[in-house]
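Per TrEMBL, the feature domain 'Lactate/malate dehydrogenase N-terminal' maps to 40-179. According to TrEMBL, the NAD(+) binding site annotation covers G46, A47, G48, N49, V50, G51, D71, N132, V155, S156, N157. The domain 'Lactate/malate dehydrogenase C-terminal' annotation in TrEMBL covers 182-345. According to TrEMBL, the feature active site, proton acceptor maps to H212.
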Amino acid sequence: MAMHKSSSGSALGPGGLDLTQAFFKSVMNAAPSSPTKRHTKISIVGAGNVGMAIAQTILTQDLTDELVLVDAIPDKLRGEMLDLQHAAAFLPRTRIQASTDYSVTAGSDLCIVTAGARQIHGESRLNLLQRNVTLFHKIIPPLVRYSPDTILLIVSNPVDVLTYVAWKLSGFPSNRVIGSGTNLDSSRFRFLIADHLDVNAQDVQAFIVGEHGDSSVALWSSISVGGVPVLSFLEKQEITYEKEMLENIHKEVTESAYEVISLKGYTSWAIGYSVANLARSILRDQRRVHPVSVLAKGFYDIDGEVFLSLPAQLGRGGVLGVTNVHLTEEEKHRLMNSATTILQVQNQLTI
């Protein structure tokens, strides 16, 4: 069921009279619009709390010329589309479309997948994951068919395993399949460190890597504030710190999503900003480094085909490269354990 707007917003009246010519007169000796003019299109699959928070943030940050919403529930989908369209006077000009039919996504530069099956009471994590794999069989192939040159950005959880599933189902090169990974975890991490030191979070360089989940790894050895490496600075100044304090900050990061969910029922705004941040880096070719879920085989002695978060440079081609961050032996060991945790779940799936 298609529900997108007509291609021309200037057609009025029963005969579809086009008023553009009446309102505007061309300047003399005008040439047609340049065929090289860049038109950016983003499609979001899943119009739930997360999908709509991403859509709203993308719109307010003026990241695309065309925004498409796809969902399986037509009434909710149409309602969300209309609600966004009615804000047109307050937003940068963006064409907003919505449909249950994936053909509306044709020619997308970036496809963001937030859709996921809801957990049934008493259902095992593995069974839920298998249902999500079945759902991805209905989502990924049509996205690929209609936008063969797109970049896939997976947000659905568990994000690392589902990014691997999307990669397998798409047949895309690995640089064009990315998971939102620990980009948000790292933002929470930077906020907590900034809060402890009473500085701006933007001046804190800190990464959480590995699984977006309980086995994630905090890279304490490479944290810097205003360009100053924190742990080596403390050691040089002979300032003692408790390792337990560091562990508690990391624990607070891993538990923060659960706290938000227990308080308001879901997370939305932070992941909305996080994914819009990734979309900006990709579509605007910013070449910024983000901790996102990428194919990790060949990095830090990881041998299996597993997606997990590593600091990666993102641009118009997707993943442009992985930053060669030095890890301590303990950090490398924890990252290997994180990869093993993901692989154990992955190996039980039928794709």
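Every residue, even glycine, has its Cβ placed from backbone N, Cα and C.
These figures come from a predicted structure and were not determined experimentally.
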Handout entry: Largest separation between Cα atoms (Å) of residues that the record links to NAD(+), namely G46, A47, G48, N49, V50, G51, D71, N132, V155, S156, N157
Key = 18
Exercise for the section: Taking the Cβ of N157 (NAD(+) binding site) as the reference point, list residues of the same chain whose Cβ is under 8 angstroms away and which are at least six residues distant in sequence. Expected result: G116, H212
Exercise for the section: Inside 10 Å of the Cβ of G46 (NAD(+) binding site), count up the other Cβ atoms and send me the figure. Expected result: 23
Completion exercise
Within 10 A of the CB of G48 (NAD(+) binding site), the number of other CB atoms across every chain shown is 17
Practice task
For the domain 'Lactate/malate dehydrogenase N-terminal' (40-179), provide the mean pLDDT of the predicted model.
Solution key: 95
